[in-house]
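Reading through the structure tokens given below for one structure.
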Amino acid sequence: MEEKKSKVILHGTWISTYSKRVEIALKLKGVLYEYLEEDLQNKSESLIQLNPVHKKIPVLVHDGKPVAESLVILEYIDETWTNSPRFFPEDPYERAQVRFWVSYINQQVFEVMGQVMSQEGEAQAKSVEEARKRFKVLDEGLKKHFPNKNIRRNDDVGLLEITIIATLGGYKAHREAIGVDIIGPVNTPTLYNWIERLQDLSVIKEVEVPHDTLVTFIQKYRQKCLQQAANA
């Protein structure tokens, strides 16, 4: 851990994949921090003041200075605490590829995951088909651009790995809650292998949501979405 006397506070929510990204990043760097759970149905005045533009989590407060948006926060953490692991490769092309696939997950993958979770019947079947296509693209991209990736310890984790495990690490809970199988050793072997190796790391175990808790949340969230759609 790098010696740095400072006050670090993270405003987040336990279920947010964006909050999890920041938690993982802080733990990887060995940064001591205070965690404040926010109720997004009743946002605190401090959250609104710290992030007046979006009024969203996560917000990192470092020595009284707020930083918002998960990707911006992760870059800030990496530039402020320069000890290992570094979240971006030194090679410019590899760094560009990391940014590209993080963007792909944030836009293409996250979107279709939400559709699969909140739909049923024919609409869901179409979204599942689209999800499998997008996940296949991600899987092939990881295989092509990061062929020598070996995840064995915390120092092997960077921005892309953080994004993958925070966003997709709960795929087994999604499968149990929704009954849809997308990630697996046959469908997405490279992605599956990355996730399995990441889940073996101690830093990931520290922040992961218990399986049964996540299943229950997804089921309740799905029912809420379906009820809202029925009443629309």
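Heads up, the Cβ atoms here are built off N, Cα and C, so glycines get one too.
Summarising the annotation, Swiss-Prot assigns domain 'GST N-terminal' to 6-85. If you look up Swiss-Prot, you'll see Ser16, Thr17, Asn42, Lys43, Lys56, Ile57, Glu69, Ser70 marked as glutathione binding site. The feature domain 'GST C-terminal' is assigned by Swiss-Prot to 91-226.
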Review point. Looking at the binding-site residues Lys43, Lys56, which one has the fewest other Cβ atoms within 10 Å of its own Cβ?
Key: Lys43
Check your understanding: When you measure from the Cβ of Ser16 (glutathione binding site), how many other Cβ atoms are you left with inside 10 Å?
Key -> 18
Review point. Looking only at Ser16, Thr17, Asn42, Lys43, Lys56, Ile57, Glu69, Ser70, the residues listed as binding glutathione, what is the longest Cα to Cα distance in Å?
Key: 21
Review point. Relative to the Cβ position of Glu69 (glutathione binding site), how many further Cβ atoms are located within 10 Å?
Key: 17
Revision key, fill the gap. DSSP output for Thr17 (glutathione binding site) maps to helix
Review point. Which residues in the same chain, at least 6 apart in sequence, have a Cβ under 8 Å from the Cβ of Ser70 (glutathione binding site)?
Key: Tyr18, Ser19, Arg21, Val22, Pro58
Exercise for review: Rank the binding-site residues Thr17, Asn42 by the number of other Cβ atoms within 10 Å of each Cβ and report the first-ranked residue.
Suggested key: Thr17
Check your understanding: Does anything in the same chain, at least 6 positions from Ile57 (glutathione binding site), have a Cβ under 8 Å from its Cβ, and if so what?
Key -> His11, Gly12, Thr13, Ser16, Tyr18, Ser19, Glu38, Leu40, Leu47, Asn51
